[in-house]
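Have a look at the structure below before the remarks.
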Amino acid sequence: MGSNKIWLRAETKPAEARSALTPTTCKALIDAGYEVTVERSTQRIFDDDEFAKVGAPLVEEGSWVKDAPKDAYILGLKELPEDDFPLEHVHISFAHCYKEQAGWEKVLSRWPRGGGVLLDLEFLTDDAGRRVAAFGFSAGYAGAALAVKNWAWQLTHPEGEPLAGEKPYANQDLLIQSVKESLQAGQKQSGKSPKILVIGALGRCGKGAVQLAKDVGIPESDIIQWDMEETKKGGPFKEIVEDADIFVNCIYLSSKIPHFVNVESLSTPSRRLSVICDVSADTTNPNNPIPVYNITTTFDKPTVPVTLPNGTQGTPLSVISIDHLPSLLPRESSEMFSEALMPSLLQLKDRENARVWKQAEDLFNQKVATLPQTA
């Protein structure tokens, strides 16, 4: 079951520059006796040469399908390209098919059909039930950055032109500088700083959103931090609609909860809210607590307008629902994630005796058992 072969596949999602391994963690695995193969990539934040220099052989993008040894772990981040061929390898990635997302049966059924296994990164947990590695902080940070930019953009583009596309930033300082410039332009128009309300503020993702707000100079008095205590009475919450300019949703959705906002609550003439950033991006989840949009946005087109009933007064309102926000800061987010994942990766040789991987495989088998017969 265990193997010392790891094959880092190239990401195929547009604008996805992150990597499950960095040159540093790749070297640490090689030093520990692992055979690490790296697919070339034109979009990864790390150059191919950086991996070659630490001793990893480079192979062509997508070559894992035909060339990877049967016992190699196929390591990646985002979901595989849509396809139908059965999967025979053990894959380690975020597959987004365990919470009955749209099309989950088609995605998940590829592994049992090929005799392969999915070890989903989203569900790797430690003894206390906490995720061993997550992009939460980076997601919240990037989401809040785009939300502030969108708030300012709406003020400086009153004719309703949507927020321009964004490309990944080489480092965090460049992102902060860009957001500060937008913020100043927005403040010049409005004469004030935006009020930003973060739900899930005590979690990793929420802490990232709050930190961005502080880093770009939004006063603490304008950063409203909510968590389970503030939301336990159940929404919709008029405070989100009437007290905040920007709402950043950072919760981890595990069950049905009352809506935070909905079309009805947003239709009040007292609405102040103009930007929603749904970092959780549970767009197709039937329990989405922000049921005012139905598409996942992209870095090319970061926002989607919210359609309110005819005659509704007030400022424009748009949603950011990008589902790979940490790729806005690919270097820092990859380094943070890969470093946190390392202790688990180092157990892959002896996977059958490693709790984190045994638990991941048990969960895979449980989910496979729920597949409809036709999948």
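Cβ atoms are placed via backbone N, Cα and C, with glycine included.
Quick caveat, the model's predicted, so the values are computed rather than measured.
The record from Swiss-Prot ties G203, R204, D227, T231, Y252, V279, I322, D323, H324, L325 to NAD(+), and of the options R130, R271, R351, R355 it ties R130 to that site too. Disulfide connectivity taken from Swiss-Prot links C205 to one of C250, C277, namely C250. Spacing of S280 (L-saccharopine binding site) relative to R130 (NAD(+) binding site) is 17 Å (Cα to Cα, whole number). R130 (NAD(+) binding site) is 22 Å away from Q101 (L-saccharopine binding site) when you measure Cα to Cα.
The number of other CB atoms found within 10 A of the CB of K78 (L-saccharopine binding site), across every protein chain shown, is 18.
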